[in-house]
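Listed in TrEMBL:
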type	residues	note
ACT_SITE	389	active site
ACT_SITE	429	active site, proton donor/acceptor
ACT_SITE	527	active site, proton acceptor
BINDING	282, 313, 429, 431, 526, 527	Mg(2+) binding site
DOMAIN	87-121	domain 'SAP'
SITE	431	site 'Transition state stabilizer'
SITE	501	site 'Important for catalytic activity'
SITE	527	site 'Interaction with DNA substrate'
């Protein structure tokens, strides 16, 4: 497997790629709240339910009676796993029953129940070693030792329940009141006896025999709280190991779900299909990234096995380029760098490729725009590829006018000229969250650089309306996926981000896009990489 950069850094290990299933650590179920209904039995399913619904209900009830609630031992969960599309068609009652079967608190609206069940299935699949971000490129056994070595001991369920309760700040009385409200039937009185039973503590050791340090893990409410409404998001526990799976948005719309690369990335095309795989990343300073402890560009190259890597905001000077080129190893000898001449150590773009391009250009051919090293263009057999770092409108929107009246139109006109001979792939940091789904807090950023109405309209006018397709949004119309998180206020931990990075392609090749994805687990910058798989 080819490697992009020759580095002497520690191997990059992403803790988020080693999810630990509480059931596999010997953590038993929690006894649910029990209620006695006076003078009335609990209401059964409606007689008007369809035969299909009744069959699903029957499977759900059978699944609950099974003490071993693994997917393989539950026909219903196995059936859903084989065809995840069935989740969307399930009723609220069926979703809640399925979640109880899996040991997950069935809380929230339908879309939150759907998201919780999808997340559970994704974790089961990943835990079984049946899928991963790299399943299509790597030997499945290559990461097994790492997975085993990163498994951590967990606290007993008593500690987990205590942590979860203290974190959510909900008293037992409030829990009981909420349960009474849910169980009330036409005004009938319900007596709730709230009891929670903890199981014995179990520990898990590394395969090497060395015991790792204890780590606190929230109770099963963690899974349920990954998809929570805006008003409760700040008080409920979240999935800290995979924050991007949190549906984090101040005003989420019906049908929106969080982006999860483990379940939403597509398998690579078959061996008989020719394709190219391109990554793009605003590294926010390449030299700083390469010196970062815990990051390995070599590991990233192994994992993703990309053909071309586009970089933005390299912050390199001309004198730095040669030393960087010398570190490139066999397979990626073709690299092309644009640096800022007016402000040293500012901006900068690059294209690194194991495919030799037919030609390379720098800038837009206009002195007013080409002094900051913002564009590199590589011509390949069937397309032009541009690595672009669009100017930020800046503090006080001081460059907003330049951005929307000069830069965007000039870039748009340039790529339309290129398009006369070949299709165009335009990628990079566009410094614009195009729609409200692309930013965590739209209302609070109406006059912030990157989300002004002027920038968003310019994005539409100069790119989308001129025949270029936002590949990620076309593939994922209702998915909340971010590519940038500010360093302040723990934005990345809470997944309070922006989608500023794009792959835009000519409409003529839009249907040839096999996958457009985000790699939110790759750290080292305030942006994360994005990727495109294009069938040739």
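Each residue, glycine too, has its Cβ placed from N, Cα and C.
Where TrEMBL records a feature, it is marked here on the structure.
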residue : record                                  : Cβ within 10 Å
282     : Mg(2+) binding site                     : 25
313     : Mg(2+) binding site                     : 24
389     : active site                             : 25
429     : active site, proton donor/acceptor      : 26
431     : Mg(2+) binding site                     : 24
501     : site 'Important for catalytic activity' : 23
526     : Mg(2+) binding site                     : 18
527     : active site, proton acceptor            : 23
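With DSSP classes pooled into helix, strand and coil, the tally for the domain 'SAP' (87-121) is 25 helix, 0 strand, 10 coil. For the domain 'SAP' (87-121), the mean pLDDT of the prediction comes to 81. Residue 282 (Mg(2+) binding site) sits 6 Å from the residue listed as 'active site, proton donor/acceptor', taking the Cα positions as reference.
Using a 10 Å Cα-Cα cut-off from residue 431 (Mg(2+) binding site), the recorded positions that qualify among 389, 501, 527 are 389, 501. Residue 526 (Mg(2+) binding site) and residue 501 (site 'Important for catalytic activity') have their C-alpha atoms 12 Å apart, to the nearest angstrom. Note: the Mg(2+) site is recorded as 282, 313, 429, 431, 526, 527; in the same chain, 284, 312, 389, 484, 500, 501, 525 also have Cβ atoms within 8 Å of that site's Cβ centroid. Reported as a whole number, the C-alpha separation between residue 501 (site 'Important for catalytic activity') and residue 527 (active site, proton acceptor) equals 8 Å. Within 10 Å (C-alpha to C-alpha) of residue 389 (active site) lie the following recorded positions from 313, 429, 527: 313, 429.
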